Every structure is written in structure tokens, then in C-alpha cells.
Amino acid sequence: MSATVENRRSEEMIKKAKKQSPWAIARRKLFSNKLAMISLGFLVLVTILAYLAPVIAPFDPYRVDIMNRNASPSADHWLGTDNSGRDILSLLIYGGRTSLTIGFICMFAVVIIGTTIGSIAGFYGGLVDSLLMRFTDFVMNFPYLVFVIVLASIFREAGIWALILVISSLGWTGAARVVRSKTMSEKENEYVMAAISIGGTPFKVIRKHLLPNVMTTIIVQATLLLAVMIVAETALSFLGFGVPAGTPSWGNMMSEARQPHVIRTMWWVWVPPAMAITLTILAINFIGEGIKDAFNPKSTR
Amino acid sequence: MLLYTLRRIVIMIPILIMISIVVFALALAMPGDALSGQIDPSNTKPEYIEEMREQLGLNDPVHVQYGRWAAGILQWDFGRSFVHRMDVTEAIGQRLPNTILLSVLSLLLTYVLAFFMGRYAGRHPYTIGDYGIQGLNYLMLAIPSFVAAIFAIFFFSFQLGWFPATGSIGSGVTPGTMEYYLSKLKHAALPAIVLGMLTTASYTQFLRNDIIENAQKDYVRTARAKGTPENKIYNKHILRNSIIPIVTLFGFDIGSIIGGAVIIETVFTYPGIGELLITSIGRRDSAVVIAITLMLSVATLVGNLIADLLYGVIDPRIRVE
């Protein structure tokens, strides 16, 4: 009697397991990955704090206070003040908003450009593919950072949107290549041929049939790209070619540390943004690894 | 192999021309006179600028200007630097040895560190040592180079005093002596370590995973069955197979080092061409900016070519098209 109950239960479980979509399996795997979940929690927390900046920041980040320049951490200013007396903690929170926003926008732009070019090249193949890929290789030949710096210096007056345009217009090549190779292998499947044979237009086949199957690759790429884009923005701002000086951003905060005496004596000016950048990138990398692992059918974690 | 090499080099020529056109377009968009560097950027009188532009042929059609500029470059004439009051080639030539020293040292450190860490972690996977190396790797991959550079200056230069924080040479050292070379090396060491960090982390990871994967292959089992000592299996059989893929990445390193050097040299105020690029942009010394941009693009292209060629050496299938 109990044996049949056991049997039925296990049969049900198998049925349940079979019913699970790849997405559900991946989600379950991701949720059980402690490191990725802690990282996700951290990233969400940082994002929420950054976007609540006007509510939680103790001071106005633009408020210059000549009397309180370069003050070390105190009860009033938890993380001290910078060269012009601005509160570091408030700058950090507002700066997070700038850096994360630019990072997210650039990531979306890069993913959209890369996915479009990659999927078109992979789907059509032939002449279209070789033209688009030659173009991608060509853009790849430029030293990324050098060109971004030179372009950003030319368009320095044009503000944040020009910066976003510059960062993303050169950063899509890797994503395009990955999406292309994935699309090419996915295209060989019968369901694509079936979709074409019943008269699906190329656009519809790519959007409805190919992209959902390439999505896992795109998501992993997007996570890793988010980290790259945040680094690009902070590095550019650090060098003075990014977000306009005066606007709070993690990179602009770090640029104070270009003077040796700041590094030597005023740790509270550069350690907070340095830690914020590093921990954010670390968290994003762990989430990316977690997602990659979750979608990998070979991993049994 | 020779045919393959020649073919790769021939393919490079049209790409070089296209790159030069892009750089030329940048030059036209830059403030001041980026093509010859003859116009004083601080003199803003319209008559002066107009007269100089006419004299230098900057009002000619674009293709005429491009032809003149490209012909100049083929004759090794990159114009003049207004800030340094010398030819651009000379200004770059003064800085180039420093950047080369930094890059070579960085590559050397990268390979040595990655080799030992990767070998250890691959041979003892899932032990405390391996986890330590993996943790370090994650940190090195996550921390942006300029942040790492500032931490390195803080700890190793200011707190411990092991390395100088800025410059490329100590004061009052006579060139040519032993002391001079040691001082140069000491100044380049810290930037080189930071510069090589990212590649070190990825190579270590690569080598570790490859060793672990290879250790389960049949040829290793055969070697074990024959009674080959474990040391020999790892050092001779596995390592030789695992090290090959890393060698091919050497060419791509040139590209990543170029980008990194711009930032690292600026943080350490190390007088190399990366630092020259940044200061020249700040001083609107456009001719220098354009020359360095072109030079670094060509260097990246050559790096990719080397990577391709090395790949062809190692994997003969690539050579047949």
C-alpha cells in the first residue's frame, strides 16, 4: 500500500520536474546560489539607496561649505567633507545615482545595438553577415579606452548624453559577436525552418523564435556589460573626461585622489567611492556568474 | 605558414587606411590644428587664425588635406607639438622607452604570477590555497585599475614606503649607472603590477580550469597507469598542453595594456605616452593627441595580427582557409 503511494508521489514529482520550464529551473538554481543572492541583495540595496538620494542624503551634495573644508569624519558629517566642504556621504549617495544610471543606460544601448547587429548577421549569413562582421572587427581594432577618451574630450561640452553615446557606440562589438555565433547555431534547428516555411518574415522569426532562445546569452552578456560600463564611466570621470565636474558621481569623487596629498592624508575622500565602485562591480560579477551557472544545464549546483 | 603570414599582412593594409581615415576625421573635429600643430592655440584673434589656416592649407578640400597628412606620416612627419615646442615624433620618442619598459615589465609579471598561481590552483583544486587564489582573482577582476592604483599608492608607497608613488626616475641619478637602471625599475614596478592585474586574474583562472580539465583526460590516466610520478604528470604532460592557449593570447594583451597604460600612467604621473595623451588633451595640443591615437591604434592592430599568427602556429587548421 505505502509502496504504491510512494510510487505515485515520485511519479508526480517527475511529472512536476518535466513540467518545469528551463526558466523555472534556472530561477531555482539561481535562488539557491547564496553568493549570487547576497550580491543581488547588495546591488538592489545600493540602487534603492541611490534613487532615494533626495530623501535620505543628509546634506545637499552641491552645498559648498568653506568653513568645513576637508573635515575628517564626525557626528555631523559621517564620512567627512571634501575639498570644497561638500558632505562625502551625500555625494556618495547622489554619485551612485549618476554612476548607476549611466551604467544602466549604456548597458541597454550596447545590448540593443549588439543584439540587433548580431542577430541580423547570424540570421541572414552570407554577404550581410560578412559585411556586418567586417564592420564589427573594424570597430574592435580601435583601442577602446583611447578612442572613448579622445571622443569624450571632443564632445566634452555636449554633456552626459554625448558621454553615453560615446561609451556605447564603441562598446557593442563583443556582444554582437556572441549573439551572432549563438544565433547561427540556433538557426540550424528545425523550428526555425518551420517558422520560415509557414511564411514568417525575418523580423518575426528573429524576434519571436530566435531571440527568446538566445536570451540567456544576452542576459549573461548584459550583466557583465553593466560592470564594464560602470567602470568606463567612473574611469572617464576620474580622468576628467566623463560626467561634468561638479556633478556628483563616483568617478568625479575619485578624481580628487589624483593629488598625492589627498591619497596620503585624506582617506575619507577617496576610500568610500573606491569601495562603492569595487563592491558594486564585484556584486555584478557574482550575479553574472550565478546567472551563467543557472542557465548551464551541465552544472548541477 | 609564410603564405598565411603574408596574407594576414596584406589584409591589414586596407584596415590601416580605414583607421587612418577615422583618425583624420577625429583630427578635423579636434580643437585647434591637429594636423600640423602650427597654430598657437592661445592666440584667438580671428585674423591670425584665418591667415594661418590659409597658409597651412586648412581651407583646402578634405581629401587634399588627407593626402597631405597621410603623405607626411609616411615620411614620419606628425607635425609639431605646440606645448613642447618640438616635433611630435621627438616628444613621443622621449616618452616611448618608459611606456615600453612599463608594458614589458607588466607582461613579464603577468605571465610569471599567472603561471605560478594557476599551476598551484589547478594542481590543488578545491583546497584552501585554491579558494584563496580564486578569491584574489575575483577581487582583481572587479576592482577598476585606477582604484587599484590608488590603493597601491596608499599602501605600498605611503604606508610602507617600498615604492615611489610618482615619476619614472629618482632625482639626481646619473644615466648609465647601475643605480639609474635600478631606479627606473623601481619606479615602473608598482604601475606594472597594477597594469597587469586584470590579465593576471584571467590567465590564472584560465590555466587553473584547463589543468583541472586536462587532469581527467585519458592520456593522464595512461601516464598514471604507467607509474609516472605525479610531479612529472603535472609539470610535463599537463602543463605543456595547458600553457599553449595562453601563449596565443599574448597579441591581445598588447591591446589591453595600451588602454590600461593610459589610466595607470596618469595615476602614477609616470611620464609615458599614455600620460602624454591625457595631458595633451588637457592642453589642447591636438597634433600630439592625434599622433598618439594613430600610434596606439596601429599597435593594437599589430597586436591582433600577432595573436592571429600565433594562433596559426599553434593550430594548423586556422592556416587553411
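If you go along the chain as it appears here, the first residue is 1 and each next one adds 1.
Glycine residues also receive a Cβ, built from the backbone N, Cα and C atoms like all the rest.
Record features (TrEMBL):
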TRANSMEM  A:35-57  transmembrane segment
DOMAIN    A:96-288  domain 'ABC transmembrane type-1'
TRANSMEM  A:100-126  transmembrane segment
TRANSMEM  A:138-155  transmembrane segment
TRANSMEM  A:161-179  transmembrane segment
TRANSMEM  A:214-247  transmembrane segment
TRANSMEM  A:267-288  transmembrane segment
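Sequence-distant neighbours of the transmembrane segment (A:267-288) (same chain, 6+ residues past either end, Cβ-Cβ under 8 Å): 35-36, 38-40, 42-43, 46, 70, 72-73, 79-80, 82-83, 88-89, 92, 95-96, 99-100, 220, 223-224, 226-227, 230-231, 234, 250-251, 253-254, 256-257. Among the stretches A:35-57, A:138-155, A:214-247, the one making the largest number of Cβ pairs under 8 Å with the transmembrane segment (A:161-179) is A:214-247.
The transmembrane segment (A:100-126) shares more Cβ pairs under 8 Å with A:214-247 than with any other stretch in the list A:35-57, A:138-155, A:214-247.
With a cut-off of 8 Å between Cβ atoms, the residues of this chain six or more beyond the transmembrane segment (A:138-155) that come close are 162-163, 165-167, 170-171, 173, 232, 235-236, 239, 241-242.
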